[in-house]
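Colleague: Swiss-Prot lists D255 with the feature active site, proton acceptor, giving similarity to another entry as the kind of evidence. The ATP binding site annotation in Swiss-Prot covers S223, M224, G225, A226, E227, G228, G254, D255.
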Amino acid sequence: MTKKVVTITLNPALDLTGSVNQLNVGSVSLVGQSSLHAAGKGVNVAKVLSELGAQVTVTGFLGRDNQELFCQLFEQLGVQDAFIRIAGATRINVKLVEQSGAVSDINFPGIQVTEADIEAFEATLQRLAQDHDYFVLAGSLPQGISPQRCAGWIAQLRSMNKKVLFDSSRDALLAGLDAKPWLIKPNDEELSQWCGRELTTLTDCQQAAAELAQKQIENIVISMGAEGVMWLHENQWLHAKPPKMQVVSTVGAGDTLVAGLCWGHMQRMEKESLLRFATALSALAVTQVGVGLGDREQLNTLQQQIQVSALYPTMGA
């Protein structure tokens, strides 16, 4: 077992989150509660892992001009800060959460990364690889980093026998898949984009995941919202279905799932227990505003309500 893990956030963001009754596109929407906090997929994963008890080192690229909220968060969590500071300001992303639970994301492109910044990051990655086995690479890419370069880092870590959990989308996901990360966690929408067809049922998702398995990725985890989580490992399929949850916000639920999967593997949980734990953690996340562990007692109760079942391979799987 290990408690040490590195989370990599290449394109972090300050999330400006606001709650609205209903988003009026092309008109005025009045925001009720609002918050501005340090985020980015890898940062969110780090927060949950830290609260679970992991010894987390965070790295990636941070703009010098507005790093204060990140520094405060890292200090509060007690994580090791190995972010590369670069010129400019980290982007601000806007998330509007409607009363129905629907979330509209307005994501900006991110800061410009130079070749010198990249060299500093690569040196940090090499150093961290000396005494860490688990790496979570999550989120989008900033300007200046190509999907192929990102995939090269995955391949490099893999060649050193490191376990890379990779959670991204679009071109970064496509390139990263070819580097054979140890675990990937696309949601059903990202899986649909990858295979180029609509996925409306559990069987559809299972068939697409089976096609993805041909890329020889050891762990393929598909998050499907209220339908739960599907995991393909060593030709075995498991499906975890949570009870119906009162959705407050889906922001960070996928990142929480990644953190749960990572922690479960680090703690060498048995497969069904691991999937039950990670699914419960993610299901609990949608009942709260903000990313974090929430109520431990509620988590334990929810784990007992998660149904985990084996799935049979689909035709062609």
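Glycine is no exception: its Cβ is also placed from the backbone N, Cα and C atoms.
Quantities reported herein were computed from a predicted structural model and do not represent experimental measurements.
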Colleague: Between the recorded positions E227, D255, whose Cβ has more other Cβ atoms within 10 Å than any of the rest?
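Modeller: Counting Cβ neighbours within 10 Å, the top one is D255.
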Colleague: With a 10 Å radius around each C-beta, find which of these binding-site residues (G225, G254) has the fewest other C-beta atoms nearby.
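Modeller: Output over binding-site residues G225, G254: least Cβ neighbours within 10 Å is G225.
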Colleague: Among S223, M224, G225, A226, E227, G228, G254, D255, recorded ATP binders, what is the largest CA to CA distance in Å?
Modeller: 17
Colleague: Among the binding-site residues M224, A226, which residue has the largest number of other Cβ atoms within 10 Å of its own Cβ?
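Modeller: Counting every other Cβ within 10 Å of each candidate, the maximum falls on M224.
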Colleague: For S223 (ATP binding site), which residues in the same chain are close in space, meaning a Cβ under 8 Å from its Cβ, but six or more apart along the sequence?
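Modeller: Same-chain residues close to S223 (ATP binding site) (Cβ under 8 Å, separated by 6 or more) are K185, P186, N187, D188, V229, A253, G254, L257, S282.
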Colleague: Going along the chain, which residues six or more apart from G228 (ATP binding site) have their CB under 8 A from its CB?
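Modeller: Result: H239, A240, K241, P242, T279, I306.
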Colleague: Looking only at DSSP and grouping its letters into three states, which state does G228 (ATP binding site) belong to?
Modeller: coil
Colleague: Work out how many Å separate D255 (active site, proton acceptor) and M224 (ATP binding site) at their Cα atoms, rounded off.
Modeller: 14
Colleague: Tell me whether G254 (ATP binding site) sits in a helix, a strand or coil according to DSSP.
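Modeller: In the DSSP reduction, G254 (ATP binding site) maps to helix.
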